[in-house]
Amino acid sequence: MSKVYDWFEERLEIQAIADDITSKYVPPHVNIFYCLGGITLTCFLVQVATGFAMTFYYRPTVTEAFASVQYIMTEANFGWLIRSVHRWSASMMVLMMILHVFRVYLTGGFKKPRELTWVTGVVLGVLTASFGVTGYSLPRDQIGYWAVKIVTGVPEAIPVIGSPLVELLRGSASVGQSTLTRFYSLHTFVLPLLTAVFMLMHFPMIRKQGISGPL
């Protein structure tokens, strides 16, 4: 085993990386509220795992979506547990994200030199809200249908570009199969990819700049 470790150590300097991670200074004023960002990340990872598991059974069509969700909840092995964890974790992720934003704002964590960290965090917050909107429509039940109809109808109040923007969101003049396909693609591919990209920007900046000092 030591030979294998030595082989990787010689090429990747694993020990130096481990020392850098474990020896990072943590300011004495840090408390449990500084863990909210990490909890949000944990919820996101749970979302990815449980969401991926449900893709094996979910069918993104207007005629089969609701039935496939029922199948997950009543017949698929541990499907009820996986979907329930997905829903609970989604709510927890939104709550932790909101509390994290408040904590950063109230402690001045957005000030120089952490402006870009704040900007990427705000983008991650918008992406989190987008997860909620797109995911809400996927069961294709009454609540999801009307929620999507209302949300996608909001831009119609914008002069000139309102109607084309609504049609772009829905894929047609009304909420239908094109809307479900768009939201499913956004929820399972586009948003997770964008979230991962901005997280890869967000965390190294925190690592580089460290935790902000007390007020």
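Positions of Cβ are set from backbone N, Cα and C atoms, glycine also.
As recorded in Swiss-Prot:
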type	residues	note
TRANSMEM	32-52	transmembrane segment
BINDING	C35	heme c binding site
BINDING	H86, H187	heme b 2 binding site
TRANSMEM	90-110	transmembrane segment
BINDING	H100, H202	heme b 1 binding site
TRANSMEM	116-136	transmembrane segment
TRANSMEM	186-206	transmembrane segment
When the Cα of the residue listed as 'heme c binding site' is compared with the Cα of each of the binding-site residues H86, H100, H187, H202, which one is closest? H100
H187 (heme b 2 binding site) to H100 (heme b 1 binding site): how many Å between their Cα atoms? 23
Restricting to the same chain and to sequence separations of six or more, state which residues have a Cβ under 8 Å from that of H202 (heme b 1 binding site). T117, T120, G121, L124
Other same-chain positions with a Cβ less than 8 Å from the transmembrane segment (90-110) and lying at least 6 residues past its termini are 33-34, 36-37, 39-40, 43-44, 47, 117-118, 121-122, 124-125, 128-129, 131-132, 135, 211-212, 214-215
Which of the three DSSP states, helix, strand or coil, fits H100 (heme b 1 binding site)? helix
Cα-Cα separation of H86 (heme b 2 binding site) and H100 (heme b 1 binding site), in Å? 20
Neighbour tally for H86 (heme b 2 binding site), based on other Cβ positions within 10 Å of its Cβ: 19
Using a 10 Å cut-off, grab the number of neighbouring Cβ atoms around the Cβ of H100 (heme b 1 binding site), all chains included. 23
